[in-house]
Every structure is written in C-alpha cells, then in structure tokens.
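Below is one structure; the comments refer to it alone.
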C-alpha cells in the first residue's frame, strides 16, 4: 500500500539582514508513492513560500477546496515557542491534506516545493519550460548535490580519512534506504509528530 509521510519540523530563525528575520521549517518526506521522483527528501521552506504554493495550487485546481494555511497574524512572535509550534502544526496539517489529493499530486510545483530548494520564481520557470532542466532533473540534481549513501560513508572512512568523514550521517531515522539523503536536515525519529 502506498504511503506518504510528511513532517514539518525544526523551525529555525534566519537573518535576512540586520533588521529582518524569518523562520523556516524543515519539510521531510518519506514515501513509496509512484507520484514522487525521490522516495526521501528534505528541504527548508518559509511561510511565504507555503502561501505561494497554496495560491499556485488553487489557480490550477479551481474546483478543489484547498485546506487553509495557519493564519498570518500581526501578533506572531518568532521568539514565542507556542506561536512557532502552532504555525508548524498548521503547515504540517496543510501538507498532509494536500498530499491526499491525487489531482494536487499531479502538480509539478508541489514536487519542486517538496523536493528541491528552488525559489518560487525558479519553480515557475522550470514548470513553464523556461529552464534547461526539467522538473525531474531539478529534483535529481538537488538530491545528488545533497546525497550520501551510508555505504559511501563507510568506504570513505575506510579508504581515506579526510575532513569529510566527520560530516553528518545520512540516516533518516527510518532505517537504511537507497534513497536517503542528508541535505543538512536533522533526522530525529523521537520528534516524529503525527
């Protein structure tokens, strides 16, 4: 039976400049669905990108009532753990509902959003054929840039003891997998909320 597990976790404050900050969230996908190019992926996205995704999905699937995002409140405080966690939960619920709809799963923007780190502008360009790479190329390219197989880690440790051997493990917390990628995302099975 097909499954798609999505986790929105690990909120981090990012500085844009000396005056502006925002929070981004890790989106972790683990699936056996034939709809996905990669079976495991990990990207970071901010609230503004979720808003963009919802608008694009709604414009392409006019007859579908899309789930709401957590509201953008003027009183949102990124230093308040309750505010941040409430938003994180809302973003996860949004993605869980989106990923249950077969029509929405056919939208390339959704896959680029979940499995690459492309900006909204670059995702639009890719989907409309204005790039040299296809959607699948973009997803494979992102994965290969951030990919490390556990077997490669072992060979690297045995073969040459260079500075790379101390870098993060590629464990996803879900057991060994040929599709596990590391991308700097933290794998913490204990924090797998449902």
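Every residue, even glycine, has its Cβ placed from backbone N, Cα and C.
Here TrEMBL flags 3-120 as domain 'PX'.
The compositional bias 'Basic and acidic residues' feature in TrEMBL is assigned to 150-163.
The feature region 'Disordered' is assigned by TrEMBL to 150-194.
Annotated compositional bias 'Low complexity' per TrEMBL: 168-182, in sequence order.
The average pLDDT computed over the domain 'PX' (3-120) stands at 94. According to DSSP, the domain 'PX' (3-120) comprises 45 helix, 30 strand, 43 coil.
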